[in-house]
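*Asks:* My questions all concern the structure below.
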Amino acid sequence: MKRLTGTNEKISNILYQEQLELSKENLDVEATVREIIEKVKEEGDEALRAYSEKFDHVVLSELHVSDQVVNEAFDKIDKDVLTALENAKANIESYHKQQLKGGFEDQPSQGVLRGQLIRPIERVGVYVPGGTAAYPSSVLMNVIPAKIAGVKEIIMITPPQEHFVPAILVAAKLAGVDKIYQVGGAQGIAALAYGTQTLPKVDKITGPGNIFVATAKKLVYGVVGIDMIAGPSEIGVIADSTANPVYVAADLLSQAEHDVHARAILVTNSAELADAVELEIEKQLQTLPRQAIARPSIENNGRIIIAQDVESMFELMNLVAPEHLEIAIDKAYDYLERVQNAGSIFLGHYTSEPIGDYYAGANHVLPTTATSRFSSALGVHDFVKRIQYTQYSKAAVNAAEKDITTLAYAEGLQAHARAIEVRNDKN
């Protein structure tokens, strides 16, 4: 891991530029994705079948995954995995149900009524990667908040495979997916955004994917809503001398194994801990099955910063605004209020980040690349709309006429003013 020195502002700028470099867009990819989107818009199902044969090497006779195939997955899944998914589902549901919020209504003055309605999005599409990147936990994290929000129809797409990963189909059934289609890549995102003869057009698309999927989501944004454009996974760990280097090293590697572009950042006020963590990382890498991914990730993108004190550690990490933030300090909860920017926080020596990935209930779809400065984890709020309503009586309009027309004339919008004036007592 590379060590950085300097002021917090200087270090945070270096880290941000490095992260942008890891997340930068590929213009060749964008050109390819634009072509795919246009083809799907023009040819619909025919284009989906052609791209499935080209990219996935699968000849599709049927795009829809039947209920029979889904139900058979329950016979094939490992029973311990099924139990774990059921328990994780319960935790995710109990957490996200607390995010439900109702509308409001008030009467600030005589004859004036104001309010806000909360309405679920009608139809949502969830993208689920296939192959070695098949993550049933992501199915739960994307679908359950939508279901709790009251989304009427949830469509899931996943790349076609000769044999589906049973846990993916089981997770979809447990979470409440209504229909599953075997289509992936940029072509799948295009199908969700514009609809085809078989796939219905959705109102919002969520879910992780490779650079082609992420680019497609970016290009269809505006036609549909999206959750976010996520960059490589990242973890920031604030640790002092009370931290266990074995735990810290394991947690840094838990993100490094995701992707060669993943980031792992340790900020500590203990040089001894920093040294011990580096030694422990090398030791743990020796037996890690995904060493081929984790080693280049940690060597190229891993960073250690020695801070002067606890205050400086939190100041720097707030500038970094990591996706995942672990606070490996005794009585970590006492430091919670010091955090201004983070996607999700993990408190104390025993709260490893994977607890949040799989089980605790808080969502694992999180803002990356310092976007936690202005955005949040996926939740129920992402699947609802807020609709305002207003009602004024004739007397209330007359009482407010002067202020409203004054503002309208000040902006040079005479028709706005007249729309109020025609309703006054003189008319």
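Just so it is clear, glycine is given a Cβ too, placed from its N, Cα and C backbone atoms.
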*Asks:* May I ask you to find which of Ser233, Ser375, Ser376, Ser393 Swiss-Prot records for the substrate site already listed with Gln255, His258, His324, Asp357, Glu411, His416?
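*Replies:* Candidate listed by Swiss-Prot for the same site: Ser233.
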*Asks:* Please identify, from the recorded positions Glu323, Asp357, Glu411, the residue with the sparsest Cβ neighbourhood, meaning fewest other Cβ atoms within 10 angstroms.
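*Replies:* Lowest Cβ count within 10 Å among the recorded positions (Glu323, Asp357, Glu411) is Glu411.
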*Asks:* By the count of other Cβ atoms within 10 Å, pick out the sparsest of the binding-site residues Gln187, Asn210, Ser233, Gln255.
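*Replies:* Sparsest of the binding-site residues Gln187, Asn210, Ser233, Gln255 by Cβ contacts within 10 Å: Asn210.
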*Asks:* Can you tell me whether DSSP puts His324 (substrate binding site) in helix, strand or coil?
*Replies:* strand
*Asks:* Which residues, in sequence order, are found in the same chain with Cβ within 8 Å of the centroid defined by the Cβ atoms of Tyr127, Gln187, Asn210 at the NAD(+) site, excluding those residues themselves?
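*Replies:* Going along the sequence, the neighbours come out as Pro129, Ile157, Pro159, Gly184, Gly185, Ala186, Gly188, Ile189, Gly209, Phe212, Val213, Ala216.
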*Asks:* According to DSSP, which of helix, strand or coil covers Gln187 (NAD(+) binding site)?
*Replies:* helix
*Asks:* Sorry to bug you, but what's the C-alpha spacing from Glu323 (active site, proton acceptor) to Asp357 (substrate binding site), rounded to the closest Å?
*Replies:* 12
*Asks:* Using a 10 Å cut-off between Cα atoms, which of these recorded positions sit near Ser233 (substrate binding site): Tyr127, Asn210, Glu323?
*Replies:* Glu323
